[in-house]
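Pulled from Swiss-Prot:
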type     : residues                                                                                     : note
ACT_SITE : His155                                                                                       : active site, proton donor/acceptor
ACT_SITE : Lys159                                                                                       : active site, proton donor
BINDING  : Gly8, Ala9, Ala10, Gly11, Arg12, Met13, Gly98, Thr99, Thr100, Ala122, Ala123, Asn124, Phe125 : NAD(+) binding site
BINDING  : Arg35                                                                                        : NADP(+) binding site
BINDING  : His156, Gly165, Thr166                                                                       : (S)-2,3,4,5-tetrahydrodipicolinate binding site
Amino acid sequence: MRRIAVMGAAGRMGKALIEAARQAPGAGLTAAIGRPDSTLVGVDAGELAGQGRIGVSLSGELATVLDRFDVLIDFTHPTVTLKNLDICRRAGKAMVIGTTGFSADERRMLDEAAREIPIVFAANFSVGVNLCLKLLDTAARVLGDEVDIEIVEAHHRHKVDAPSGTALRMGEVVASALGRDLQKVAVYGREGQTGARTRETIGFATVRAGDIVGDHTVLFAAEGERVEITHKASSRMTFAKGAVRAALWLEGRDPALYDMQDVLGLR
């Protein structure tokens, strides 16, 4: 059995991860960690997730449960994830990271840690989204420079980073297929007298509203026709199941920085 720990276990995504780890053959939830100051520390993690008692209590510190798991799944905040990354690197524990909003310097810290431990890091763990990334690469290569490309994403009102990590990853895939540098061609939102659109631009638009789990659409717009590749998530379990799948896949892997394209065999 692959022993799995969930960071941020008292949150919405954490609860979904607990459920997914409980359901997956070959996986077992053996540790759950929340904030040190949480009043829920000590509560059974299964009860937190609506799964009934499972005999795993919520801990307030990762360091106190290092002997209870093989791989940590972390969907939290960059500051928290980087602290956990250092602990796992020192302890030789594998990680699955779904946290978004890392700076370029913070991304380099992931690269450095992956020299010592195996890590799956992805902006989105949905199988459908990762299939879309493959389709986007193909669409960009076929349609080339004859279309205008726009990326529109929508999430719930509580999401703190924009554009989403998934939207940015989609932009990276498209830009790479076209030989463009996303940092140079990306336009984030438009307002006022912007002037005519240039062909090489890749535009991003963001919506934050209600309880939207995650919608992403990439438009390839030409004269007379438009191709749209869309993914809509209706449940966090989509991401949770993908993360647990990645945790199982990591068993026996060499230290390296992997993503869901590796897990799904799409490379």
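Along the chain as shown, the residues are counted starting at 1.
Cβ coordinates come from backbone N, Cα and C, glycine included.
Comparing Ala10 (NAD(+) binding site) with Thr166 ((S)-2,3,4,5-tetrahydrodipicolinate binding site), their Cα atoms are 24 Å apart once rounded.
If you compare Cα positions, Thr100 (NAD(+) binding site) sits closest to Gly165 out of the binding-site residues His156, Gly165, Thr166. Ranking the binding-site residues Thr100, Thr166 by C-beta neighbours within 10 Å puts Thr166 at the top. When every Cα pair among Gly8, Ala9, Ala10, Gly11, Arg12, Met13, Gly98, Thr99, Thr100, Ala122, Ala123, Asn124, Phe125 is compared, the largest distance found for this NAD(+) site is 22 Å. DSSP gives Gly165 ((S)-2,3,4,5-tetrahydrodipicolinate binding site) a helix state. Cα to Cα, Gly165 ((S)-2,3,4,5-tetrahydrodipicolinate binding site) and Arg35 (NADP(+) binding site) are separated by 24 Å. Taking the Cα of Ala123 (NAD(+) binding site) as the reference point, the closest of the recorded positions Arg35, His155, His156, Lys159, Thr166 is Thr166. The Cα atom of Gly8 (NAD(+) binding site) lies nearest to that of Arg35, taking the recorded positions Arg35, His155, His156, Lys159, Thr166 as the candidates. Closest to Phe125 (NAD(+) binding site) by Cα-Cα distance, out of the recorded positions Arg35, His155, His156, Lys159, Thr166, is Thr166. Lys159 (active site, proton donor) sits 12 Å from Arg12 (NAD(+) binding site), taking the Cα positions as reference. The CA atom of Arg12 (NAD(+) binding site) is located 12 Å away from the CA atom of His156 ((S)-2,3,4,5-tetrahydrodipicolinate binding site).
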